[in-house]
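In what follows, a structure is listed as structure tokens, so that the remarks can point back to it.
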Amino acid sequence: MFANISISEFDPELAQAIASEDERQEAHIELIASENYCSPAVMEAQGSKLTNKYAEGYPGKRYYGGCEFVDVIEQMAIDRAKELFGADYANVQPHAGSQANSAVYLALLNPGDTVLGMSLAHGGHLTHGAKVSFSGKTYNAVQYGLNAETGEIDYEEVERLALEHKPRMIVAGFSAYSRVVDWQRFRDIADKVGAYLFVDMAHVAGLVAAGVYPNPVQIADVTTTTTHKTLRGPRSGLILAKANEEIEKKLQSAVFPGNQGGPLMHAIAAKAICFKEAMSDDFKAYQQQVVKNAQAMAEVFIARGYDVVSGGTDNHLFLLSLIKQDVTGKDADAWLGAAHITVNKNSVPNDPRSPFVTSGIRIGTPAVTTRGFGEAEVRELAGWIADVIDSKGDEKVIADVKAKVEAVCAKFPVYAK
């Protein structure tokens, strides 16, 4: 029998680290595009007794007994995911977005097959063919990028590379791209060369669910996403697909037993909650505000003389180039962190600096919008960021901005005390 003892009583050192993180989340402004704040209900599910249950297999086809209730939970998550995204198939077991992506590769490809994906340096993801990832080591990865003049995806290059290399699979999706992706254009290119079309919509899944960004699910052969970011659920993954019995069978076996063992039932329950939350009118209004806030911030930076890659944004994020300011992304990240504004350094297209230094920062609005920030607050925030960068990290400017950040964070708490 376990003693009824708290973390602070049992492990004060760990409790202090957790408390410090709690304080950081409340007292700092979060602008990392892939981060958000999930609801108390989502966190409650993740801390439930479901964490104790092993459930290898799928609902009704488990390798362990005692799964009658987790079967209900997983089927609920599956049904809600299909309804939310208009999918014919859903697998809610992937532990994360990268695991979902690796399962797709395992299901549809053989080692050495050619994959055409977006370059990491131009806004793609590690799992889209980067050399340091399994996707670039196991498969023959060919990379496309952005048009140098527009800062948007170079679809002509995508088509040229597809015709030249005849990939088995084309990957559409991104981790740092601010415009609407033409999913149908990718579909047409894939069909020309007989390739699968795989869409990774991890960054925009919440926008898609709310109908403020085009839905790729019935266009692509397979679509994956994380369940955090704009979807505002637990840190986990999801695979979706349109009807295709052969692909569905391959995906099922690629996730289990191909890529994972037992599913995380506490996380799956949390996904079921976040899918239900995403069906609400409040969630739709939230996603609309996320985009409005990102566009408002981009406008301020442009007015202050900064270059925004592609000239603006249609979603929740944008890349701010600091080449003209002769500031590195690494320095800007550090200066803003000292002012309690969290961003991440990010390479910009054709960046002359290394990925560890970079010439830009990525800014996203999902978390600040969850806090309740509207256009007025984010415009003011963008001005503070520009002040810090323009000052080249002047200590007085940082201190002044930090005080303003603390005041606005107190006005807009993440969680009610």
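For all residues, glycine too, the Cβ spot is worked out from N, Cα and C.
Feature annotations, courtesy of Swiss-Prot:
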- Leu120, Gly124, His125, Leu126, Ser354, Pro355, Phe356: (6S)-5,6,7,8-tetrahydrofolate binding site (BINDING)
- Lys229: N6-(pyridoxal phosphate)lysine (MOD_RES)
- His228: site 'Plays an important role in substrate specificity' (SITE)
Nonlocal neighbours by CB distance (under 8 Å) for Leu126 ((6S)-5,6,7,8-tetrahydrofolate binding site), same chain, sequence gap 6 or more: Ser98, Leu120, Val132, Ser133, Ser135
Lowest local Cβ density (other Cβ within 10 Å) among binding-site residues: Leu120, His125, Pro355: Pro355
DSSP-derived structure type at Phe356 ((6S)-5,6,7,8-tetrahydrofolate binding site), helix or strand or else coil: coil
Close in space, distant in sequence - Phe356 ((6S)-5,6,7,8-tetrahydrofolate binding site), Cβ under 8 Å, 6 or more apart: Lys330
Distant-in-sequence Cβ neighbours of Lys229 (N6-(pyridoxal phosphate)lysine), under 8 Å, six or more positions away: Ala33, Ser34, Glu35, Asn36, Ala202, His203, Ala205, Gly206, Pro366
Among Leu120, Gly124, His125, Leu126, Ser354, Pro355, Phe356, the record's (6S)-5,6,7,8-tetrahydrofolate binders - longest CA distance, Å: 16
